[in-house]
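Notes to accompany the following structure.
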Amino acid sequence: MELTEDPELQPVLVGLFLSMYLVTVLGNLLIILAVSSDAHLHTPMYFFLANLSLVDICFISTTVPKLIMNTQSHSRFISYVDCLMQMSLFILSGCMDDMLLTVMAYDRFVAICHPLNYSVIMNSRLCGFLVLMSFLISLFDSQLHNLIVLNFRYFKDVEIANFFCDPSQLLNLACSDTLTNNIVMYFVVTLSGFLPISGILFSYYKIVSSILRIPSSGGRYKAFSTCGSHLAVVCLFYGTGLAVYLGSTVSLSPRTSAVFSVMYTVVIPMLNPFIYSLRNRDIKTALRRMHSNAYNPRARGICFQGRLDLPAKLNL
């Protein structure tokens, strides 16, 4: 459960990962606060974005704090129960990220392809239902992985060639034959990844078809710019996720596999707030409004200057 055994590099890695963790938590918290505090952002797109930010905080929190603690204490130990808990929360958060990106693609599809019916289709009840279903599917996926891993016996002390509990590597460390369950697990992973990416690709196929029918170039640019941030996050998430998945099936070097794992579990959640805030005028406006309200007593209603004059007579 360490990235390096070099004692000179360990303090550097602790500082680096702690900084990335704090930046990730702070950035995603700012997105959540901006969406919740600004009435202009109370729309389906930003509702899903706030949920994605919350899941990203949970996603990075399943691996980095334990990694920092182990590196700082020079310990590479994790108990079997803690390993199962970390694996379950990691898969739950990762699958929830997957589902929410699909839901956000569907939201953009409705907004661009059916703009007149957008408010009717994407009502608050459907938005809440989509987030709930994303959570339930992710919970089912994580528990299914747990059941597969729990079917096997393991040696008392085993070494995982990663900085977190990867279910595919846990199966490779089992005492008995795991061929059938490996096939089942890879089928589940492929299915849980293939169905969401199919939904995303279908949504963007319809979006691009609709955008190309817009006569003006300015209108096409404006329509596509609403999808740019989401498309960048999707490419980063699935690109690194595919690299991690392939790294567990083919013989990559431990260093290369660790780099892909760090990208997937640490760097992507850290970049998401920057991608959405830098390219989104509404988010930047909401963050500036939050900043001004935090340092402006008048805006917060804390201090009143002058005199409050009441009418001498109230006419009803």
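Backbone N, Cα and C atoms are what each Cβ position is placed from, and that goes for glycine too.
Here TrEMBL flags 12-33 (among others) as transmembrane segment. Within the same chain, residues 3-4, 49-50, 53-54, 56-57, 60-61, 64-65, 67-68, 71-72, 266-267, 269-270, 272-274, 276-277, 283, 287, 290 sit at least 6 positions outside the transmembrane segment (12-33) and bring their C-beta atoms closer than 8 Å to a C-beta of that stretch.
According to TrEMBL, the domain 'G-protein coupled receptors family 1 profile' annotation covers 27-276.
If you look up TrEMBL, you'll see 45-64 (among others) marked as transmembrane segment.
As annotated by TrEMBL, transmembrane segment applies to 84-106 (among others).
Per TrEMBL, transmembrane segment is recorded for 118-140 (among others). A Cβ distance under 8 Å defines the sequence-distant neighbours of the transmembrane segment (118-140), meaning residues of its chain 6+ beyond its ends; these are 44, 47-48, 51, 91-93, 95-96, 98-100, 103, 106-107, 110-111, 192.
Marked as transmembrane segment by TrEMBL: 183-205 (among others).
Counting only same-chain residues 6+ beyond the ends of the transmembrane segment (226-246), those with a CB under 8 A from a CB of the stretch are 94, 97-98, 101, 104-105, 108, 111-112, 189, 193, 197, 200, 204, 207, 252, 257, 260-261, 263-264, 267-268, 271-272, 275-276, 279-280. If you look up TrEMBL, you'll see 226-246 (among others) marked as transmembrane segment.
The transmembrane segment annotation in TrEMBL covers 258-278 (among others).
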Sequence-remote partners of the transmembrane segment (183-205) [C-beta within less than 8 Å, at least six residues beyond its ends]: 95, 98-99, 101-102, 105-106, 108-109, 137, 141, 144-145, 148, 167-168, 171, 227, 231, 234, 238, 241, 245, 249
Tertiary contacts of the transmembrane segment (45-64), defined by C-beta under 8 angstroms and 6+ residue spacing from its ends, are 17, 20-21, 24-25, 28-29, 31-32, 35-36, 86, 89-90, 92-94, 96-97, 100-101, 103-104, 107-108, 111, 127, 130-131, 163-164, 265-266, 269-270, 272-273, 276, 282-283
